[in-house]
2 protein chains.
Amino acid sequence: MAAKEPKKAWQEIAASSQKRRDETIAAIDPPIPDVPSELPRNVTHIPRELLTTKEVEITESSPEEILEELRTGRWSAFNVTNAFLRRAGLAQKLCNCITELLPQRALERAKYLDRYFAEHKTPIGPLHGLPISVKEHLTMKGLDINAGFVGWVGRVGEEDSHILRLLWNAGAVFYVRTTQPQTLMHLETSSNLYGVTVNPFNRELTSGGSSGGEGALLGLRGSCLGIGTDIGGSIRSPAANNGVFGLKPTSYRLPVYGWSAAMLGEEQIIPCIGPMSTSLEGIKLFMKVLIDQRPWLTEPSLLPFEWRDSKDWLRREDGKRRLKVAVLWDDGIVKPHPPIIAALQAMVHGMKKSEDISVVNWKPYKHDLAWEIIASLYFCDGGDEEMAALESSGEPLRPLSEFILKENPHTRRRSIDEVWKLTVRREQYKAAYAKIWNDTGKDGDVVDVILCPVGPGAAPPLDCSRYWGYTSQWNLLDYPALVFPITKSNPDRDAKDLDYVPRNEQDRYNYDLYDPEKYRDAPISLQLVGRRYEDEKVIQALDFIMEETGWVFDSKMIDRPGI
Amino acid sequence: MAAKEPKKAWQEIAASSQKRRDETIAAIDPPIPDVPSELPRNVTHIPRELLTTKEVEITESSPEEILEELRTGRWSAFNVTNAFLRRAGLAQKLCNCITELLPQRALERAKYLDRYFAEHKTPIGPLHGLPISVKEHLTMKGLDINAGFVGWVGRVGEEDSHILRLLWNAGAVFYVRTTQPQTLMHLETSSNLYGVTVNPFNRELTSGGSSGGEGALLGLRGSCLGIGTDIGGSIRSPAANNGVFGLKPTSYRLPVYGWSAAMLGEEQIIPCIGPMSTSLEGIKLFMKVLIDQRPWLTEPSLLPFEWRDSKDWLRREDGKRRLKVAVLWDDGIVKPHPPIIAALQAMVHGMKKSEDISVVNWKPYKHDLAWEIIASLYFCDGGDEEMAALESSGEPLRPLSEFILKENPHTRRRSIDEVWKLTVRREQYKAAYAKIWNDTGKDGDVVDVILCPVGPGAAPPLDCSRYWGYTSQWNLLDYPALVFPITKSNPDRDAKDLDYVPRNEQDRYNYDLYDPEKYRDAPISLQLVGRRYEDEKVIQALDFIMEETGWVFDSKMIDRPGI
């Protein structure tokens, strides 16, 4: 009888995963420079000091700028790819945000594209030569798909995820896979496989999650366009924490076949894929390129509707463009920290100068009930599948796994009858919210979009992202939600309100977290939310606000002064 | 201590429901004539003998003809409504298809509309004065909503269903509620409350179900437009069995808020509402009028997309209209009876004469697996909720409740984990089917629609509708499916194939059912199926086939000779 191979300890598996990651980084040519052994809190300036001017120019360009250079043949796909490989490798040393680089397949792909361009004098598709970063969650052929569980290491993808195939068709280059947290159900990114992904603007803060590898990488400009996933804030929290754009689209618009996760088949709350980018154009491009390929023909759960960006969603019957924005200052449960309120105030102040933007207040409707419903529907098996995946290696629970699986009073095994009852409550809540939205039109125009925080503060200190309400609210309602950067935390400006009396335990927790100095340099972002399936309108609304207020988002935002 | 009121026997409750129904019929003026005590098998000619010429003219007009008369003021809403009230009352005596007439509220409404028209010289909306029949399933304010359970009698609607409010806004008149089977999960219509609804073309056959009250009423022209619901064939089986049109739309296009049923909150297989009508124009009108009112603003699970009938779905790139039809002759499990095959042959023969229609065969892909998946997902609580509703009154199970709840090997209580696994299998099956559809385009045009049977025969004898595969297949796939009448059974033409060797038990059951004489006069209908959300295309395809082949559907189809 053959002796059974002894089971490896989880630490051993993690060490070998990290070793494999480091080998992919070591393979980059020219080698990635070392970083100081004592890193400062804010490391965003470091890549500029260690990369070539050309590499900095490439990696700090927006997706649309890069594509323009590639389309005209001024830049080669090879050089662009190698620049991003180098900056991503560096980002790993600064923030621990990647699980592996893919130099061989990326550079081969880039060379192929360059040959194609040389031969045909035209790009292969709308994303010709654009490097795209990919959360490890999404299956890639021949590579590990562990979903953040040590016990799943060694599961290997049989074919690329549907979304990757479509981006590939359009000319993309995949060059890096990014970190994800244990269980994928944190608003941070920490796992026993790869440790903690930290925030490049302030390494004592979280990069957010669960797409926090993407977030930190984008924040450091080791990527200009990446793919995240979101069931409670997992695209938006890292986009916000790292000062980039992120869109959680309405459900069933983008293809999800071929991701790896526990609880596949769960449909009560729909998980979404969406883009994260250093520019709003990157977000638009991603959506359009995918939807133009009619992914519903292959993945029938998707809705067969075009990307409707040729329609002007803000044009009124009188021919003029107008926008009505409702501001949700506070969800009534947890009061946002001063820098968030200040950002909202600045936005409102700017918008009020425009004749064509009207601003009203949005009164939150039972956001605590919304959390109760969504939190009850997240783990209808009581977390058994997640726990089994954890137990398969014996790895311990990370603090935020403990928080969502064990401390969350709504996590328990449900009978199908209970699930049906919760589903009915979900629909009732959605109908009540829709009615409130409809009623805003009683005295004139109906509200177009809601402007609100992305969380009750900027990126929290590690293991402290315990309030999901500002993002999960829109998952429950299945509304599209777009995150965009505004400014950075500034201790000299954003004093703590020492007289504030917290409303409840969650509010106290959040209040106690705030200390202006701790949050220094953390990006401040906000969220624009639209009605279900008005993804295109939300994007146009942000463009319109920018036009009307004269604000500019610079893809080199690292040094962009606050408004 | 007050004595508790003794619980009524279920027979007593049923008797009082029937008494109430009969009282509403007795209230009609002029009184509804008696029918012969010995009814013939085919009773479709009787209304013509007992109603006035004007009443026959009105009730045998199509919805679009009636609306035209109302719109021009040639007919009054009052007269139209009263004609349908009388014919519906008569239909009850012939087929047992209604649960109550609503003379008071219908005639009041009609009078209001007539006054409105007199005053404004214009209709109140696109359905001004059109009587619409309503399956009892749909809540009406102040009326019983028992979902076919004796134990639920006495539950009273608090407000009208969403769909009824929208039809009302458009000018409709609700005048009758129609029967539904115990549990709503039969392809027939038999309950302990109201007994069995029979087929007006042949009273020994079923009207189909679960919208069988609608089916029989439409077949007898006691309605020209009615509302059915469908999770496995419940619109299409009664439409087919009674020779009228019926559309099961793709999910989440029409509003469903406010129906009464067990297992609310169940989403793995989406139940749909749809129209049944004596004309194809009736089907179109219903869809358009509802979707034009943007029901998604109130019911957020609905998809915010227009009724896209201004687009020409058959126009090709060269500017010509063309159609590619795939014929599913047989699902490989249960072979259809000879009249169904003959109808398909006649259709194909006609279509092949057109240069602009190409016809290919559709090879069914594992329709037995499809049934296994959908049947497993119908009652994930093992039927407990249905059984509790039955047991609350002590009523016995009807044979087809026994069939679907007890004999169905796939009915059992599932854990949420099992439901997720089944959901994944459902999605895999849908993807496999989509791939087959895509592959039809490899050598040219992709298939536009599938033409297939609605069931493995015409309306079966009572309690014999035990094969759902030809309809439930499209519920699983969530494809739109349109049923339309072709001809009637004719024993002199459709001989039994005495040499046929059945493939399996279900096939034998169906084979044994067939006896040409038993099925005399039963309508023969077929089904046109489209890809998900191509509801508009399916309708245009049927219109195109009719144009190209020169066939005409007459809303007075009762006497229409076969093709």
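Glycine is no exception: its Cβ is also placed from the backbone N, Cα and C atoms.
Note that TrEMBL annotation is computational and uncurated.
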**Request:** Could you look at A:Ser161, A:Ser207, A:Ser210, A:Ser251 and say which one TrEMBL places alongside A:Leu184, A:Ile231, A:Gly232, A:Gly233, A:Ser234 in the substrate site?
**Result:** A:Ser210
**Asked** With the ranges A:1-34, A:103-136, A:307-340 to choose from, which does TrEMBL describe as region 'Disordered'?
**Response** A:1-34
**Item:** Subset of binding-site residues (A:Leu184, A:Ser210, A:Gly233, A:Ser234) lying within 10 A of A:Lys135 (active site, charge relay system), CA to CA, in sequence order
**Value:** A:Ser210
**Message:** Considering every residue in the domain 'Amidase' (A:80-538), what is the mean pLDDT value?
**Reply:** 96
**Complete:** Cβ proximity for A:Gly232 (substrate binding site), under 8 A, sequence spacing 6+, ordered by residue number, returns A:Met185, A:Leu187, A:Ile269, A:Ile374, A:Tyr378, A:Trp468, A:Thr471, A:Ser472, A:Asn475
**Asked** Can you list the residues of the same chain, besides A:Leu184, A:Ser210, A:Ile231, A:Gly232, A:Gly233, A:Ser234, whose Cβ falls within 8 Å of the substrate site's Cβ centroid?
**Response** A:Met185, A:His186, A:Leu187, A:Gly209, A:Ser211, A:Thr229, A:Asp230, A:Ile235, A:Ser237, A:Pro271
**Request:** Tell me the Cβ neighbour count for A:Gly233 (substrate binding site), meaning other Cβ atoms within 10 Å of its Cβ, over all protein chains shown.
**Result:** 33
**Request:** Please determine which of the binding-site residues listed here (A:Leu184, A:Ile231) has the lowest count of neighbouring CB atoms within 10 Å.
**Result:** A:Ile231
**Fill in**
Among A:Leu184, A:Ser210, A:Ile231, A:Gly232, A:Gly233, A:Ser234, which the record lists as binding substrate, the farthest-apart pair of C-alpha atoms sits at a distance in angstrom of 11
